[in-house]
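Contents: one structure, followed by commentary.
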Amino acid sequence: MLKIEHVCAEPYFHDISFTLEDYGMISISSSDSESEKLLADIFCGIQSIQKGKFQIDDFSVCKETLLEYRKHYVSSLVSDFQIIKNKCVKDVVCMHLSYEEQAYYEIMNLWDLYTIEKETMQDLSFEQCFRVLLARCMLKESKVLVFYPDSTPLSLKEREYVYELLQKCSEYMLVIIIGDKKASYYADRSIEFHDGYLESDDQGIILKNKKQIKQGKVKPYSYPSFLSYRYRYRFVYRALRVVMILILGCFSLFFLCTNLNVVDMQMKILEKHGQQHFLIEKHAQDFLGNIYPRQYMQFQDKDIKELEKNIKGNVMVSYAPVDFYMANAYLNGIYTTNNVPFVSTMGVYEAENMEDTGIKLVSGYYPKEYNEAALTLDAARYLINEQGTSFENYLGKVFYWYGIPLRISGIVEEISYEHAKEKQMPYMNDTYLFVKKGFIQHHPLSNMQSFPLSSKRMLINNRSYEINRFSENPHYLYYTNGSMVLNSLDTLKENEVVLDFQSAVLLGFPYHRIFFDENKTYEEKIWEYLVYIEQWINQSIRVQAYTISTNPDASAFFQKDFIIKGFLLPDDDEIEQGYIDDNATIYMKQSVLEPYVQSGAGIQNVMYYGKKDQLESTLHFLYTNDTYDAVLPSDDVFRLLVLDIQDLSIFLLGSSVCLLLLYGIVMMWLLKRTMKHMKEEMSIWYAYGNSRKSIQKEYEKTFLKYIKKDVWTGLCVSLFFSFIYLILLVWKLEAMPQQFLYLGMILLVSISIYFLKKGVLLYVLHKEAVLPDWYAND
């Protein structure tokens, strides 16, 4: 029995009292909709009364007992009835709760639903859907069913059908219809209010008898619907887990590599290989000052002075011809004596004495004169071509180095095979000679002039062609200007160039098809060549010399526009034997090249040697300097595991932050999406006795569980690969074992990410509604 005694809810109700039986159909209406809405909220258990007494049987309904009231005493049909369209009939009736089978089948048969229990709600008619809702209300252990038709989208005809069904339902429980006076035609009792006072109460006698049905006992409530929504967005959740792995992986790599003591590692590498010397390289730099870390350029004299000024120890410079082609053709042709071996592939290291090189002398002495050289035994055997002789037999032998005879004064120690094989000491093998300091200044190479070492290209019709050399106009080559064959380039102007035969091949001359055709005569081959090059003569061409292959325009120190005056004629080897090299050359007037030429001897390599107390300061200078870099044994591994990753440190940190934002945005999108789709279902759980806070807690618990799993997975994967990374450092480079202590920082970051996401989640749950708008007065 339901009792309302002296209830006041200003200004809507003033001291109202009535009593309702525990079954039957009751119609309650009022003169204004606000009071009807308030009545619906009170009977549904959304709001509590301000004054008075609301009691059902021996249970008193107040603010503190609203949850218990909704859970055990009342069911409500409001708003859109909480019809979950994507669920089957059985799931909507049971709401995934475990009822007793007898009670379930009895109620399903009562409403003719047993045969359609596996069909989805969206496939049912309106009448079938409403019977499903009534079955759900009856299966729940409630005593009162509240129906507020004005909150629903039902038409008048649909309401009449609903009232007929509610009449049947009223035989088992108390049914209260609020706000529709037409419901009084179907009701057993009608109550009307006007201006807050009870105006009429038709307390008729309920003729029908109350029927009993065994209500099912249910296990504790749960929220299995989260699983269905997780399955719906399973690919998004999996992608989020991968994103979390990437977040922690990127941060782990960033943190580990930025906390490595690079100089200490370099010292350990040198100690491991027993070295006190290493190669120094210069990073490429364009005219705007931009550094290109993985590209290198030739040292200049000012670089050597800067190194000697800033580092302690010995800086040894290796010299070699800038233009090997011209040096071989000119110097060897002039100075070489018959039957004396000469070398054209070795550079020379200048040093005052053997101690400055850090290499042991095996036999003889270090060069004291400019016509002496020291080299390894293998190099001596290669030059002298005598096998099996002792060190002493090579001393005093003579060989030529670009036209100058050198006498072997000493034999230096060999470099181990392992080092040479692994390319750990590319600057210390048998391709270098050791000479007295100042040797190169006394060599004819210093008097030669060569175009600086660089990459070169020609641009025609917006296309680029790599070439090998620039050369001044020779007096002995034949070329054609399209109308005649000339044997001198003396008449060439400063804005004109002549291209060689190899350049014509680059431009597209069908060399293989024509010159390898045995059916063509010599004259026919020449004629086809002349016909082809005629289209290029007098065309505009841009010529560049640059030092950075990835950015030619920014590093071009030579750039001029020319007119193609003509092409060299192919020689007999190229025509008859099909021989052609890849060294394309552009010929131009000597006055054009003169401002750019330099000494014929250029710096090939720079090697450093220092004592142990000098190495650390030198390595620190090179590591902190953007222009120069040290090349050590195992340098490829060191660059891959340390330097390359350090170069990506900003990218790794930025990626982890961006991915963290992405993860948060997508996770909050999933939360809002789930809340939007589950509002109706959550309103059912609300009607089942759960508070708004408990529903928010369930969202919090569920999504924190997802985040926790993602963070835990990302932590395990990142720790695993971080451990592998550190093992590689220890194994390959002998990194400091203290790096393993940094793994704890990854754990702290993971915990921080978890609590950060938790804070964002709680904020969103606080701002977003977990229930439909109809429950806003909760």
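Residue positions begin at 1 at the first shown residue.
Keep in mind that glycine also has a Cβ here, set from the backbone N, Cα and C atoms.
Annotated domain 'ABC transporter' per TrEMBL: 2-220, in sequence order. Averaged across the domain 'ABC transporter' (2-220), pLDDT for the predicted model comes to 81.
Beyond its flanks by at least six residues, the transmembrane segment (235-256) meets 645, 649, 652-653, 655-656, 659-660, 662-663, 666-667, 670, 706, 709-711, 713-715, 717-719, 721-722, 725-726, 739, 742, 745-746, 749-750, 753 of its own chain at Cβ-Cβ distances under 8 Å. Under the heading transmembrane segment, TrEMBL lists 235-256 (among others).
As annotated by TrEMBL, transmembrane segment applies to 648-671 (among others). If one looks beyond the transmembrane segment (648-671) by at least 6 residues along the same chain, the residues whose Cβ comes under 8 Å of a Cβ in the stretch are 233, 236-237, 239-240, 243-244, 246-248, 250-251, 253-254, 257-258, 699, 703, 706-707, 710, 753, 757, 760-761, 764-765, 768.
For 711-733 (among others), the entry in TrEMBL reads transmembrane segment.
According to TrEMBL, the feature transmembrane segment maps to 739-756 (among others).
Within its own chain, the transmembrane segment (711-733) has Cβ neighbours under 8 Å at 241, 244-249, 251-253, 256, 260, 265, 268-269, 634, 637-638, 641-642, 739-740, 743, 746-747, 750, 753-754, 757, counting only residues six or more beyond its boundaries.
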